[in-house]
Amino acid sequence: MAGVWIMNFIRTLFLMLCMGAALAQPVARPFTDAARGPAPIMETTKPPVLGNAINDDVRRTRNYTWQPPTIPHRVDGYQVDKNFNKCMDCHSRTKAEVSQAVPVSVTHYMDRDGHMLGQVSTRRYFCMQCHVSQDAVRPLVNNTFMDVDALILKSMRSQSGAQATQKN
Ligand code: HEC
Ligand code: HEC
C-alpha cells in the first residue's frame, strides 16, 4: 500500500516539476523602465536636458523630522570644493544676518561621535549629497507616502466613523 502511495506521490511531484519548468520558460516581454524607457539595460540612454530648477524662494514642508529640506533656489555654478564652499557663504551661522539664509543646523557642526566642531563637519561639507533643488516635472514612479499628520487624521476619521456606527 505504502509503496503505491509513494509511487503516486513521486509521479505527481515529477508532473508538477515539468509543469513548473514549462511555466518558467522566459517570456519575451519588452523591457520598459519609467526612467530609461524601452532602452535595453546594456545600452546608455540619452538623459533629457535639465530644465530650470524651481527658484521661488518658498521653503517647503518637510515630510518627516529628519528630512533634509529641499533647496528652494537655483544653485547652478555654485563652487563647492576644497578651496571654497559657496553654500556656506550664505548659510553659515555668521553669514545668515547678511544673507537672510536659514543657517545650517547644529547637526552640521557635529562629527560622527556627536562632538561639536568649530566649523562645518566634513561629513556635511558636500551639501548636495543631501539637499537638492526641485524641478517641476511629473514623478516617474508613483508613491503613496503619507506624512504623520495625514495618518493621524485618517485614523481619527476611521475611529469617529466606528463610533458613529456603534451609536446607530
Ligand atoms: C546667495 C545666498 C545663498 C547661497 C549662495 C545659497 N543659499 Fe540656500 N538659501 C538662501 C536663502 C536666502 C534661503 C531662504 C529661502 C530663499 O530665499 O530662497 C535659502 C534656503 C535654502 C534651503 C531651505 C532651508 C529650509 O529650511 O527649507 C536649503 C536646503 C538651501 N538653501 C541649501 C543651499 C545649498 C545646498 C547651497 C549651495 C549649493 C545654497 N543653499 C546656497 C540663500 C543662499
Ligand atoms: C549628510 C546629509 C547632509 C549634508 C551633507 C548637509 N545637510 Fe543640511 N540638513 C540635513 C538634514 C538631515 C537636515 C534636517 C535635520 C537637521 O537639521 O539636521 C538638514 C538641515 C539643513 C538646513 C535647515 C536648518 C534649519 O534649522 O531648519 C539647512 C539650511 C541646511 N541643512 C543646509 C546645508 C548646507 C548649506 C550644507 C552644506 C554645507 C548641508 N546642509 C549639508 C542633512 C545634510
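Cβ atoms here come from the backbone N, Cα and C positions, even for glycine.
Note that the coordinates shown come from a computational prediction; the quantities given were computed from them, not determined experimentally.
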For the heme c 2 site that TrEMBL gives as CYS127, CYS130, HIS131, the extra residue out of HIS108, HIS115 is HIS108
Nearest to CYS127 (heme c 2 binding site) by C-alpha distance, among the binding-site residues HIS73, CYS87, CYS90, HIS91, is CYS87
According to DSSP, CYS130 (heme c 2 binding site) sits in coil
Whole-Å Cα distance, CYS130 (heme c 2 binding site) to CYS87 (heme c 1 binding site), is 13
Same-chain, non-site residues whose Cβ lies within 8 A of the HIS108, CYS127, CYS130, HIS131 Cβ center for heme c 2 are PRO68, CYS87, VAL104, ARG124, PHE126, MET128, GLN129
